[in-house]
Amino acid sequence: MKWVTFISLLFLFSSAYSRGVFRRDAHKSEVAHRFKDLGEEKFKALVLIAFAQYLQQCPFEDHVKLVNEVTEFAKTCVADESAENCDKSLHTLFGDKLCTVATLRETYGEMADCCAKQEPERNECFLQHKDDNPNLPRLVRPEVDVMCTAFHDNEETFLKKYLYEIARRHPYFYAPELLFFAVRYKAAFTECCQAADKAACLLPKLDELRDEGKASSAKQRLKCASLQKFGERAFKAWAVARLSQRFPKAEFAEVSKLVTDLTKVHTECCHGDLLECADDRADLAKYICENQDSISSKLKECCEKPLLEKSHCLAEVENDEMPADLPSLAADFVESKDVCKNYAEAKDVFLGMFLYEYARRHPDYSVVLLLRLAKTYETTLEKCCAAADPHECYAKVFDEFKPLVEEPQNLIKQNCELFEQLGEYKFQNELLVRYTKKVPQVSTPTLVEVSRNLGKVGSKCCKHPEPKRMPCAEDYLSVVLNQLCVLHEKTPVSERVTKCCTESLVNRRPCFSALEVDETYVPKEFNADTFTFHADICTLSEKERQIKKQTALVELVKHKPKATKEQLKTVMEDFAAFVEKCCKADDKETCFAEEGKKLVAASQAALGL
């Protein structure tokens, strides 16, 4: 890359990076501005989500009251932007409103201390008290007729309750995307409550929304963790890699512009600024659709949809075809004598260009692998550009990439072969044993949940052809391991987990993969109550029964970390036979009591406990 070319690109990048797509003049009243931009319906929905994500224990009715008060105030400001308090920031207005809740100290304890702080510290304080695992009752789905009656009696309240229940259980759910889920939720009830067989129509749709919602929440949680724990630079690097894969025909300056604005949108949502986030996301979708000719050939269908569907579609759109005539990367990033000069002039721009060029050529790599390669390249330049002969030093840098690429390729190949051999449930059990031995201090429910989710990588990704396996698998595993990191951060019990979670975002998965059995772990005392079961297990769904069995498996490994595969297999087969036998018995409870004692004794003998 000639020096003059780099300078012109640097100018383009810098202006795009600092400016972005959004052009916002200062407004006298921010709340009036957002109300006018979003409209009353979206404004109220977003304020409800915001309050439910902060005050996760408050009753629905209390939140509705707060939302109505904020909405009436916003209307006052729309009528007269110079009215009293209309010039206050949204953080100030929302924070003041949160602090009026009479039961704040009683319900949330030390979170009430946030109210003594000034902005922006007050909002930061509220954010730190968001609970990823709130103590809320499990959502139980009512009968279909009951739901349809509630939907017809008061559609608005029914949909608000959906937003409220999801938002308070998922305090980082991407708010504009939750509005999209609510649109689909409403459509499902509108269609199915009129169907001949309401349940057959509705239940599969609700199951699909639930599963997609959990996945969407987990993906957004990783984005927020990236911003909160590793900073804006880490998020921008992720966005450069992902958008370059998705839009390989777009120019670097265009990708940079999109990255700047995508970062702004996610920073706002992760920071609780949901009105700004939704408004800016709509502007970004508008910009992408107005400039699709210079971005991607795959956007036309998305851009014809209504706003919420459009934004969702753009976020999920398939990768565009790679340009046919891309030159070798080596010329600009290895062979050129100007590498160190270009790097010294603008390190992040040069690394951003490297990441852009590498990612657009490799849709078959995971984003985290691309970021590992960029980090290796950066480390090499830091070392070599200070050496006596820089070019000689960095000439073989691409050779260092080979083991980094082969490690996830081999791991995915081995695990997909294992998955195809075992099936999902037994593959999950394999991971349960593996991870319990690595980090036995982690709570049993967390180990079960994380290992079950890790095990789903098989059915999610192994069916894909080779070029799509790695981006599917490794980026999915990053999302699941972030769930472990988030849950562990609240109540840390393992230095190994803390180390893998905090040292490097992109190396989390390799760090966990490399962990061996924890030899320092002192096995738990055997407790027969852990393995005592009752007749209620017979009425559980297949999924709930699996979780019961997997919970027992984790406990067995915690009692006997050095148990062999064969020993564990024998015990689990005996357990399955025991459950099957007693669930068929006439007197189930007696069977579970008598046969259960025998099972515990046999398990202890088999494991040498």
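Quick reminder: no glycine exception, Cβ is built from N, Cα and C everywhere.
What Swiss-Prot says about this one:
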DOMAIN    19-210  domain 'Albumin 1'
MOD_RES   SER29  phosphoserine
BINDING   ASP37, ASP279, ASP283  Ca(2+) 2 binding site
DISULFID  CYS77-CYS86  disulfide bond
MOD_RES   SER82  phosphoserine
MOD_RES   SER89  phosphoserine
BINDING   HIS91, HIS271, ASP273  Zn(2+) binding site
DISULFID  CYS99-CYS115  disulfide bond
MOD_RES   THR107  phosphothreonine
DISULFID  CYS192-CYS201  disulfide bond
BINDING   LYS264  (4Z,15Z)-bilirubin IXalpha binding site
DISULFID  CYS269-CYS277  disulfide bond
DISULFID  CYS289-CYS303  disulfide bond
MOD_RES   SER297  phosphoserine
DISULFID  CYS302-CYS313  disulfide bond
DISULFID  CYS340-CYS385  disulfide bond
DISULFID  CYS384-CYS393  disulfide bond
DISULFID  CYS416-CYS462  disulfide bond
MOD_RES   SER443  phosphoserine
MOD_RES   THR444  phosphothreonine
MOD_RES   THR446  phosphothreonine
DISULFID  CYS461-CYS472  disulfide bond
DISULFID  CYS500-CYS511  disulfide bond
MOD_RES   SER513  phosphoserine
DISULFID  CYS538-CYS583  disulfide bond
MOD_RES   THR570  phosphothreonine
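Location within the structure of each feature annotated in Swiss-Prot.
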residue: SER89; record: phosphoserine; Cβ contacts under 8 Å, 6 or more apart: GLU30, GLU119
residue: HIS91; record: Zn(2+) binding site; Cβ contacts under 8 Å, 6 or more apart: GLU119, PRO120, ARG122, ASN123, ASP273
residue: ASP279; record: Ca(2+) 2 binding site; Cβ contacts under 8 Å, 6 or more apart: ARG34, ASP37, LEU38
residue: CYS289; record: disulfide bond; Cβ contacts under 8 Å, 6 or more apart: LEU299, CYS302, CYS303, LYS310, LEU314
residue: CYS385; record: disulfide bond; Cβ contacts under 8 Å, 6 or more apart: VAL339, CYS340, TYR343, ALA344, TYR394
residue: CYS416; record: disulfide bond; Cβ contacts under 8 Å, 6 or more apart: GLY458, CYS461, CYS462, ARG469
residue: SER443; record: phosphoserine; Cβ contacts under 8 Å, 6 or more apart: THR491, VAL493
residue: CYS472; record: disulfide bond; Cβ contacts under 8 Å, 6 or more apart: LYS460, CYS461, HIS464
residue: SER513; record: phosphoserine; Cβ contacts under 8 Å, 6 or more apart: LEU411
Modified residues: SER29, SER82, THR444, THR446 - member with fewest neighbouring CB atoms within 10 Å: SER82
Near-site residues: Zn(2+), ref HIS91, HIS271, ASP273, CB cutoff 8 A to centroid: LEU90, PRO120, ASN123, GLU268, GLY272, GLU276
THR570 (phosphothreonine) CB neighbourhood, other CB atoms within 10 A: 16
Count of other CB atoms lying within 10 Å of the CB belonging to CYS303 (disulfide bond): 16
Env. residues of Ca(2+) 2 site, Cβ within 8 Å of mean position of ASP37, ASP279, ASP283 Cβ: ARG34, LEU38, GLU276, ALA278, ASP280, ARG281, ALA282
Shortest C-alpha distance to CYS313 (disulfide bond) - which of the recorded positions CYS192, LYS264, HIS271, THR446, CYS538: LYS264
By Cα-Cα distance, the member of binding-site residues LYS264, HIS271, ASP283 nearest CYS192 (disulfide bond): ASP283
Candidates LYS264, HIS271, ASP283 (binding-site residues) - the one closest to SER297 (phosphoserine) by CA: ASP283
Between THR446 (phosphothreonine) and CYS77 (disulfide bond): CA-CA distance (Å): 47
Residue from LYS264, HIS271, ASP283 whose C-alpha is spatially nearest that of CYS538 (disulfide bond), among the binding-site residues: HIS271
Residue from LYS264, HIS271, ASP283 whose C-alpha is spatially nearest that of CYS393 (disulfide bond), among the binding-site residues: LYS264
Residue from THR107, CYS384, THR444, CYS511 whose C-alpha is spatially nearest that of LYS264 ((4Z,15Z)-bilirubin IXalpha binding site), among the recorded positions: CYS511
Averaged pLDDT score, the domain 'Albumin 1' (19-210): 93
Length of the line joining the Cα atoms of SER29 (phosphoserine) and THR444 (phosphothreonine), in Å: 50
Of CYS77, CYS538 (the disulfide-bonded residues), the residue whose Cβ has the fewest other Cβ atoms within 10 Å: CYS538
Among CYS99, CYS461, the most crowded of the disulfide-bonded residues [Cβ within 10 Å]: CYS461
Candidate with the highest Cβ count within 10 Å, taken from the disulfide-bonded residues CYS192, CYS201: CYS192
